[in-house]
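As written in Swiss-Prot, here are the features:
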| type | residues | note |
| --- | --- | --- |
| DOMAIN | 192-466 | domain 'PV NS1-Nuc' |
| REGION | 270-319 | region 'Disordered' |
| COMPBIAS | 292-308 | compositional bias 'Low complexity' |
| BINDING | 370, 374, 376 | divalent metal cation binding site |
| ACT_SITE | 422 | active site, for nuclease activity |
| DOMAIN | 594-749 | domain 'SF3 helicase' |
| BINDING | 624, 625, 626, 627, 628, 629, 630, 631 | ATP binding site |
């Protein structure tokens, strides 16, 4: 078939199809295909004659942009690429008829209308009808009984049949039929090249079968199906999926395949030899169970194969364990999208390749376009963008980006809606190399490389601007870009600060100043100015409040389990000496025993206070002499509870409780209860709602907040007996009578003091030690709480522990008891062996003497 005029055989074929359309067609699938083909070729004819020469007058491609400089509607040169596919205002009617002479009709008579785009002449009637549109009345008359449902009822009656396209056939010879035939040129568009012809076919296909495509402002998934339909995939040499010696492709810092650009040609890709590494692939075992037999066979092959061969083979629908992306058939492209960001090379460590060899994790999958002093990074992730931030962070860590580089990546991060436009943008500003990295090549990245190969080989060398400065890549129009930049700028700054706050676990503005690198803060000031500090202060406050609200809703058991899950593996290593940790736990139990305090009773009441379990009891007091271990116990027990600390010096201030509103818990150090403030203290320790003064604000209410107090003297020293009894009813009091020994000094420590001293702990006491003690006695603690419930009024609003937490605590309890027993047996064996060795040495000394 010619690309210009429709041949006689072609039209005879479809006339026969029309005559046969009323016959019985038993095969449902063939019937449906026939309807699609008829609609595709007859209702929407889209092949227009190319005669007339290059000087023909052509209207604009769309209502907003000027026509192509080459007279081509779908030009793909450097100058015209940004208009193709971006405008929804395209015109289907490209102008009036040109009046070009056509060949005669089949009956060799001069046609009545010479500008009809078909080989059959529709002779003019005695009077040319004035109406050129089909109104409702004519539609009912001319299309009666001609719909798909009327002609092919089996399409709707068959089980599982898909819904046919909604169109109807006009009655042959009717007025509507004549109008459609005479105005069929409205559906024609000029085509001058093979690529333009294929592009137009795809546009008609998209109108017939709408897909998730891209628009100017939408956030739908990008796809390369249009290019893949037009030309075959162009492969290049190199095995992007072939395994290295230790099955850790891409982890050693070398790219899987590289495309070097030299002059105006493209050199075949090469795969650098993978270096060996002593690190084992921790994720290998987990991914083996999810891989299909096809992917295993593909990975185990040792021969070299190019991407074209790989594209012809089936790719298993598996999940990339590292990035959580679907790596499978073409249908998965609708669920993924492309993302990009920029990294300058001075924001990446020079030895990043060596650093990559020390990592045991799999390398992320991405493509880099080298622009000299900076690189553009392209990767695929979920279309919703929920996983894109995590993948971007993994890529920056793999490239060993500095703090300034991480900020730059976050600032320049954006979604790629038009893959072809993005690659043309990279080509326009010059490319030195194109690299693919990753332990596993995703299908989306393979399609991106195929698209790059096609566009690079068909580029115009005069359009490449090698010395031009690379501009930021934006796909919006200028007006949309200006509207977006203000909001996006604030959003980027907020995301950068919030990500850093979560990474460093910052809760105050001063921690931001102390822990954040100066280079990172300077980079933010370059991009956003001096208002960064106000953003930091506000975001830190919001994040601190969020954390407090989460902790406030948890039981002490849940918090202890979180500590174990995060810290246990650091302190108990299988096969190593864990005696120091075991000795610390024994020392904590020894501390409570020396002070005549039941440790189970103490831990149970801490859980009661934290969960607000009983009415009118909202405080716990630790009273004892200096250096008795009061702060040591509470600091480690409440480390993750994060109580608001209030020192004694604020008692004389009218705003000494302004920190309490919104706090999850409170820790008072050496407070002074006087006849003046005893009423406030009773309400606070009872759990009633009170109001307090806040500077430059109205009074703020204080809801029931768990309260802990440490004091060296009784807190009721300054009030009378009646008030004392009321205070003691609202608290749980524990008295520490012995002090912890600081040093051995025979001049300062006498016999009387020596009897009141407790030996120093074997090493630094940490929250993990208190968590082990708590969970190890979990069952006993909750049994005691059940007994205490009988003697107290239970608060109906108390925080309850759920069954999942109980099951996890019980499993941890069993594991800890077994571990501690094993460590004790090992320790006893070591001590016995040491004693035996000592006896043998003494015996040898006596024998020699």
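Yeah, the Cβs are placed from backbone N, Cα and C, and that goes for glycine too.
Keep in mind that this is a model prediction, so the values were computed, not measured.
Annotated features taken from Swiss-Prot, shown on the structure.
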| residue | record | Cβ neighbours (10 Å) |
| --- | --- | --- |
| 374 | divalent metal cation binding site | 18 |
| 376 | divalent metal cation binding site | 23 |
| 422 | active site, for nuclease activity | 23 |
| 624 | ATP binding site | 19 |
| 625 | ATP binding site | 14 |
| 626 | ATP binding site | 8 |
| 627 | ATP binding site | 17 |
| 628 | ATP binding site | 23 |
| 629 | ATP binding site | 21 |
| 631 | ATP binding site | 13 |
Legend entry - Proximal but sequence-remote residues of the same chain as residue 630 (ATP binding site) (Cβ under 8 Å, at least 6 apart): 622, 623, 624, 710, 736
Inset, instruction - Let me know the DSSP-derived helix, strand or coil state of residue 625 (ATP binding site), please. - result: coil
Legend entry - residue 370 (divalent metal cation binding site) and residue 628 (ATP binding site), Cα-Cα, nearest whole angstrom: 64
Inset, instruction - Measuring CA to CA, name the entry from the recorded positions 370, 376, 422 that ends up nearest residue 625 (ATP binding site). - result: 376
Inset, instruction - Report the mean pLDDT of the predicted model across the domain 'SF3 helicase' (594-749), rounded to a whole number. - result: 87
Legend entry - Shortest C-alpha distance to residue 370 (divalent metal cation binding site) - which of the binding-site residues 627, 629, 631: 631
Legend entry - Coarse DSSP state, helix versus strand versus coil, of residue 374 (divalent metal cation binding site): strand
Legend entry - ATP site, defined by 624, 625, 626, 627, 628, 629, 630, 631: further same-chain residues with Cβ within 8 Å of the Cβ centre: 632, 712, 736, 739, 740
Inset, instruction - Translate the DSSP assignment of residue 422 (active site, for nuclease activity) into the three-state scheme. - result: helix
Inset, instruction - Taking Cα atoms as reference points, rank the binding-site residues 376, 626, 627, 631 by distance from residue 422 (active site, for nuclease activity) and give the first. - result: 376
Inset, instruction - Calculate the distance in Å between the alpha carbons (Cα) of residue 627 (ATP binding site) and residue 374 (divalent metal cation binding site), and round it to a whole number. - result: 58
Legend entry - For residue 370 (divalent metal cation binding site), the number of other Cβ atoms found within 10 Å of its own Cβ: 19
